[in-house]
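For reference, TrEMBL has these:
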{"type": "ACT_SITE", "residues": "Glu26", "note": "active site, proton donor"}
{"type": "BINDING", "residues": "Lys87, Val107, Ser141, Ala142, Asp143", "note": "substrate binding site"}
{"type": "BINDING", "residues": "Asp139", "note": "Mn(2+) binding site"}
{"type": "ACT_SITE", "residues": "Lys160", "note": "active site, nucleophile"}
Amino acid sequence: MPETTLMLSEEVREALDARRPVVALESTIIAHGLPRPRNLAVAEELETLVRGAGAVPATIAVLDGRPHVGLDKAGLERIATDPGMRKFGHRDLAPALAAGASGATTVSATAFLAARAGIRVFATGGLGGVHREWTVTQDESADLRLLARTGITVVCAGVKSILDVPATLQRLETLGVAVLGYGTGHFPGFYLSSSGLPVDWTVRTPEEVADVMRAQDALGGPETALIVGRPVAEDEQLNPDLHDRVLAEALDECRERGIGGQAVTPFLLDFLMKRTGGASLEANLAAVRGNVRLAARIAAAL
Ligand code: PSU
Ligand code: MN
């Protein structure tokens, strides 16, 4: 990608040039995954957490047809407050650039742009994956395919529990994407500490994650993502019974209203938040905060 296409903030460019730790952050969670006005405070808090751990934050989004890696205060504000802010997956980037459009980037678009900029570590809440209605809708997040061919380490609390988690783990296996449990032998459950499903590999420190990344480099390909599943603490998770009950209602409502495509994930997250009296939001935020901190420590350990 020509230098002029990717808009690196000065801070991010300097850090990358000096080989100092940088952590990519996605913007869809800010624009479409969290309620206003809290979303702006969270966007700023996540950047502060990265800095506090000694790394430079690079929040990624497309503004006026330019892909930005590292946003200033005004950029973050636009993402969080502009009602016209769209949601861009990886496939939307070229049309968006050509049209001069603005949008928040999902995991797929963020991972792509971050890797192009030379960033090795990325933190988010929960990955997209295979939706529970897949046999009818064929809805599988573009996150999975993009991660299968992008060399980046993604720290997450698993995949969103609104999804078909076993099917998503199966797809990750088929696609050749390695999955590590951070301090756990189980794949995390996003709002819940555990999805109940096992992972094949467990690591316990940022250094161990960095070792795996170096081993990936030594093997020399094919380029794939490394998924680090960090569970939300048990005392911060959503009550599992409440989770299961409200999620069933959310999925029914989604089906009845015929909601499809890109709107599904934001709808389900919002429904859960409202019907759990905000408890799902707190669990989501606890997960994201922890992921961002860990990502910064991994970037530093590299
Ligand atoms: N994690 C969160 N909240 C979110 C997302 C992740 O805690 O809103 C976003 C990510 O940007 C992810 C997207 O890529 O949801 C998945 O959307 P879809 O299922 O339409 O691919
Ligand atoms: Mn989808």
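Here the Cβ of each residue, glycine as well, is placed from N, Cα and C on the backbone.
Remember, TrEMBL labels are computer predictions, not curated facts.
Feature map: annotations from TrEMBL on the structure.
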residue	record	DSSP class
Glu26	active site, proton donor	coil
Lys87	substrate binding site	strand
Val107	substrate binding site	helix
Asp139	Mn(2+) binding site	coil
Lys160	active site, nucleophile	coil
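Filtering Glu26, Lys87, Asp139, Ser141, Asp143, Lys160 by Cβ distance to ligand 2 (under 6 A) retains the following recorded positions: Asp139, Ser141. What surrounds the substrate site, by Cβ distance within 8 Å of the Cβ centroid and not counting Lys87, Val107, Ser141, Ala142, Asp143, is the set Thr28, Gly89, His90, Thr106, Ser108, Ala109, Leu127, Gly128, Leu146 from the same chain.
Take Lys87, Val107, Ser141, Ala142, Asp143, the residues named in the record as contacts for substrate: the widest Cα to Cα gap among them comes to 13 Å. Around the residue listed as 'active site, nucleophile', the same-chain residues at least 6 positions away in sequence with a Cβ under 8 Å from its Cβ are Gly125, Gly126, Leu127, Gly128, Gly129, Phe190, Thr265, Leu268, Leu269. Reported as a whole number, the C-alpha separation between Ser141 (substrate binding site) and Glu26 (active site, proton donor) equals 15 Å. A sphere of 10 angstroms centred on the C-beta of Ala142 (substrate binding site) encloses 17 other C-beta atoms. For the recorded positions listed here (Glu26, Asp139, Asp143), the lowest count of other CB atoms within 10 A around the CB belongs to Asp139.
Closest to the residue listed as 'active site, proton donor' by Cα-Cα distance, out of the binding-site residues Val107, Asp139, Ala142, is Val107. Counting only same-chain residues six or more apart in sequence, the Cβ atoms lying under 8 angstroms from the Cβ of Lys87 (substrate binding site) belong to Thr28, Ala31, His32, Gly103, Ala104, Thr106, Gln262, Pro266. Fewest Cβ neighbours within 10 Å among the binding-site residues Val107, Ser141: that distinction goes to Ser141.
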